[in-house]
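Notes follow once the structure below has been shown.
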Amino acid sequence: MSGSCAAPGPGSGSSPAACRFAHYFVLCGIDADSGLEPDELAGENFDQSPLRRTFKSKVLAHYPQNIEWNPFDQDAVNMLCMPKGLSFRTQTDNKDPQFHSFIITREDGSRTYGFVLTFYEEVTSKQICTAMQTLYQMHNAEHYSSVYASSSCSMDSLASSLDEGDTTSLLKLQRYNSYDISRDTLYVSKSICLITPLPFMQACKKFLIQLYKAVTSQQPPPLPLESYIHNILYEVPLPPPGRSLKFYGVYEPVICQRPGPSELPLSDYPLREAFELLGLENLVQVFTCVLLEMQILLYSQDYQRLMTVAEGITTLLFPFQWQHVYVPILPASLLHFLDAPVPYLMGLQSKEGTDRSKLELPQEANLCFVDIDNHFIELPEEFPQFPNKVDFIQELSEVLVQFGIPPEGSLHCSESTSKLKNMVLKDLVNDKKNGNVCTNNISMYELLKGNETIARLQALAKRTGVAVEKMDLSASLGEKDKDLKLHCEEAELRDYQLNVQLREVFANRFTQMFADYEAFVIQTAQDMESWLTNREQMQNFDKASFLSDQPEPYLPFLSRFIETQMFATFIDNKIMSQWEEKDPLLRVFDTRIDKIRLYNVRAPTLRTSIYQKCSTLKEAAQSIEQRLMKMDHTAIHPHLLDMKIGQGKYEQGFFPKLQSDVLATGPTSNNRWVSRSATAQRRKERLRQHSEHVGLDNDLREKYMQEARSLGKNLRQPKLSDLSPAVIAQTNCKFVEGLLKECRMKTKRMLVEKMGHEAVELGHGEANITGLEENTLIASLCDLLERIWSHGLQVKQGKSALWSHLIQFQDREEKQEHLAESPVALGPERRKSDSGVMLPTLRVSLIQDMRHIQNMSEIKTDVGRARAWIRLSLEKKLLSQHLKQLLSNQPLTKKLYKRYAFLRCEEEREQFLYHLLSLNAVDYFCFTSVFTTIMIPYRSVIIPIKKLSNAIITSNPWICVSGELGDTGVMQIPKNLLEMTFECQNLGKLTTVQIGHDNSGLLAKWLVDCVMVRNEITGHTYRFPCGRWLGKGIDDGSLERILIGELMTSASDEDLVKQCRTPPQQKSPTTARRLSITSLTGKNNKPNAGQIQEGIGEAVNNIVKHFHKPEKERGSLTVLLCGENGLVAALEQVFHHGFKSARIFHKNVFIWDFIEKVVAYFETTDQILDNEDDVLIQKSSCKTFCHYVNAINTAPRNIGKDGKFQILVCLGTRDRLLPQWIPLLAECPAITRMYEESALLRDRMTVNSLIRILQTIQDFTIVLEGSLIKGVDV
């Protein structure tokens, strides 16, 4: 909007029409030649009386015939001017004119606006009147026979409420609900419409109402109607940006204004009405749904209400734009578009008296249903709240209250408002002094009903409880006509001011929220062509870094919002601005961000959730007021045209037949508006010719851009102009292609980013996804599956189409199971391992997984159950397999779905399942991490090394399983049983197993290879390697051990058996380390000093990285401390280096023996080491060291010496004492007796280096798992 003219489409610059206020004037109504044609596409019930049916309307005339760059779409305009076709009335019916607007969005995303006034005109064709009477005779014959045949009758008849014997009532009913050609006057709807490039709704409404008033007035208009229509089509220009314009209707001037280049874009729909209709709370919720690109269905009897809410909410999206299907008024013939499996914003007209519960919608799992008339909304499940919602609503409330609008909406005032309106109309009609006929007074009301003063009077009457009696309102209004005119202008100004202030509050939210977005835009391409070519493969926005920089309360909303198409397009526009002119919305937004930085310097790392109110409300309102108080441009007055005399004669109540020859073309070049722009037009023509030379490049760029910007939304808009079966089939093909492409993009994104995350865990890269992002992607996948299963449904049976399908599949399968003798497992048959003990095979069963979900009392809805089942299947790596099994029942699929449904397109379905199968390459915990309170059955198996020890022991063994979410407590293992099952609340990812026994009986020494624990719902199997003895007088004398778990990869039974046996060099971390040092044959496995120091650095570095992740994304700290490459293992290597082994002392010596000798030395000597300045510190360190060691030794646990050393390291790390203890150990005289001179602990430089490394983790708060330090009192 930077230029003086709109830019509605390619080549617009070559035509003067591009700068015109209106492009077409249209007349729609009944074609007398065609007669009455039922509107079959509207799906009307022929049981209704003929007056209640709808009939086909036609475009009777439109001027001009065509504009080259904006061709007239006759079918679409006709459909939207009269969305339900023609309607008929008699003199007893209400015939108030109705105004509504509409929008046509072309496939390239450009928009055209239509403004329609529909009124009723007397039918003069005897042929049509006779046809209507014939229809009534046929209807009455069928209707009354059915009334007397049964006690019920059709819905639109009132006869069911009458007593059959009440003859008088029945006759009244017949009189009301019939048409008699000799007695009744028949009226039919007719529409006049303006098609414009920009949404100047208020101006167009005023112009059309004045035209209607001219038709119904007793006096003919000052000039023929052609003069006014010709004037607005050809002589009224678009106001330039930042300017106001005045042009003339039939009776009064009309004004409009257009925001400047630095202001928010044009919005002429009164937000006041949208807030009054929905209420503030509801509107913010619907606004959030639109931001998250859900399916939004608006529902109202009034077409204009649908447009007002739709346009109002999309206007508030600045700087973003709705990218998907947008049909605020869905014609009755296009109801099949509600089946569209894509995000949409549509408006559906409700029939009078229709209950919401009777409205069958194809899909509701991700639907936001907005019942405008009843002030009611239904939100999807798992709905995140808008950031700072409470403060945001409070700020909006203050603006609304300032303008006298109740934040809760004005639903409760609607009944009294309606009554007051009817009183005013009745008084106007009955007032004999005004000299006007009924229709003229109604049209006057149409001029006044938008008046804020009248509206406030009605609301005040309601609030104060004043009963509005009949009074001569028309007289008082007539006496104050001049004042009323001023009030109307003031009310219009206040609407404009309210609009801009509300929009500023919304825009300020985004400005604050995305003030630093540029810092996270990834611009890797050197030129536009390479960027466009690789658009799908490139990541344009650093989402993980952006989210980690946001306040915690914002994350649920932002993590989903930055995945939307509108945000992706916004970032695309930012990147494209390197090479071409910046998008107008983006330019305004960036300017606002620059302004914020001038007044409030901020850095990306200093984000807060403190709410900052908008500070530009007054300034924005003043700019509007200045434009409306002083007109910048005045258009040419309507004038007499060169018309044939005698044609288009005025006849009250009838819209005349216009002279097409004078309306077909614009004025000659002496028009000052045309001549003024001639130079500009020639310049644009030269630019156009130049652009043709680079047309191929532009075509390529446009092609790539269209593809890049349509990711996940293959179909942008339903085509309204052609409803042939072939076009509908083609549209459904586009839906299917779009769903498949969306599935491919989502699974690829999930796969690449998840694999990237796992590479980080393996030390192969930097993290580029967080758990929050992962959860967002999975929720998005659930939404996609629901849309796929909702596409082409025969009959909807629940809010979740997927769960409904699963239930019906389950019913059929269970019937077959009952018929069979026993169920057959889908997995391989169980085989015994060499050791004789193993986990039994977990049956792979779609039905069993459904039963798990059905047993979860925490989930209350079908949508919730479907999403839980998807998460469980994904975690088990069975999603593709389960869905394939579900769809393999072809008779059921054919019963549930129409032929064009996605699930019945064989090739696309197979590709879809293949894309889902690719997700098996990565591990998800999306079920375990979400449903944290459910009870889960676990199965554990203890695998001993039978060749070296007894499989059966006489002592009493016990086990305790711990996970990220809790532990089981100590559970006794039945004697002589190595396998047990138990149920407890979800433990999350398993981390440790404590295993031990009480050392009773003769056979009390147990050599445990490993412990296996499996989650019986998700199938996740954890292996806890041990490879150590449990028993007194053997190994390190431990009666209990803490085992660190590792998740097993999915494998067959035979592979699992091999994995269960601990290889010689892959036993528990402690075992592996001891073997490498104390084994006489393991010299080659000893790490050298450099490797040990490197191991320490890596272990500490992993802990530091752990704490730099967001809290919710951190893994297990226990593994980093006690795992195979953890801190304990690294320090053990340090302490074992140069340790004098069993060859000298003739027995196994442990690190803990050295620790105890150090303690004994400190407790028996008062000698303080070298530096007297540090006496107090060293005394304190010695005291704490001795205290900790003694506490571990006296703990009521039967832990071995290696286990005690592990506890000491963990406690020293937690309490930040390790850097103080290391120099004490290195300087103690005991070290010379137990360590060789080349040992690392005897090298001062190495010890100092070790201290510095350990000091780097002192800034972190380390919380130890309870199983590690249980029973140790320090």
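Glycine residues also receive a Cβ, built from the backbone N, Cα and C atoms like all the rest.
The domain 'cDENN' feature in Swiss-Prot is assigned to 263-399; the stated evidence is sequence analysis. In terms of DSSP secondary structure, the domain 'cDENN' (263-399) contains 55 helix, 23 strand, 59 coil.
Per-residue confidence over the domain 'dDENN' (401-581) averages 65 (mean pLDDT, predicted model). The annotation domain 'dDENN' is assigned in Swiss-Prot to 401-581.
If you look up Swiss-Prot, you'll see 772-932 marked as domain 'RUN 1', on the strength of sequence analysis.
Sequence annotations record features per position, and here Swiss-Prot assigns domain 'PLAT' to 936-1044 based on sequence analysis.
Residues or ranges marked as N-acetylserine by Swiss-Prot: SER2.
SER49 (phosphoserine) counts 18 other C-beta atoms within 10 Å of its own C-beta, drawing on all protein chains shown. The phosphoserine annotation in Swiss-Prot covers SER49 (among others) and is backed by similarity to another entry.
The feature phosphoserine is assigned by Swiss-Prot to SER178 (among others). Secondary structure from DSSP puts SER178 (phosphoserine) in coil. Under a cutoff of 8 A between CB atoms, and with a sequence separation of 6+ in the same chain, the neighbours of SER178 (phosphoserine) are SER49, TYR136, ASN140.
Residues annotated as phosphoserine in Swiss-Prot: SER822 (among others).
What Swiss-Prot lists as phosphothreonine is THR1062, and the listing cites similarity to another entry.
Under the heading phosphoserine, Swiss-Prot lists SER1068 (among others).
For SER1076 (among others), the entry in Swiss-Prot reads phosphoserine.
Sequence annotations record features per position, and here Swiss-Prot assigns phosphoserine to SER1079 (among others).
Tertiary neighbourhood of the transmembrane segment (916-936): same-chain residues 743, 747-748, 750-751, 754-755, 758, 771, 774-775, 778, 856, 858, 868, 871-872, 874-875, 877, 879-881, 883, 965, 983-989, 1015-1018, 1020, 1047, selected by CB-CB distance under 8 Å and a gap of 6+ residues from either end. As annotated by Swiss-Prot, transmembrane segment applies to 916-936.
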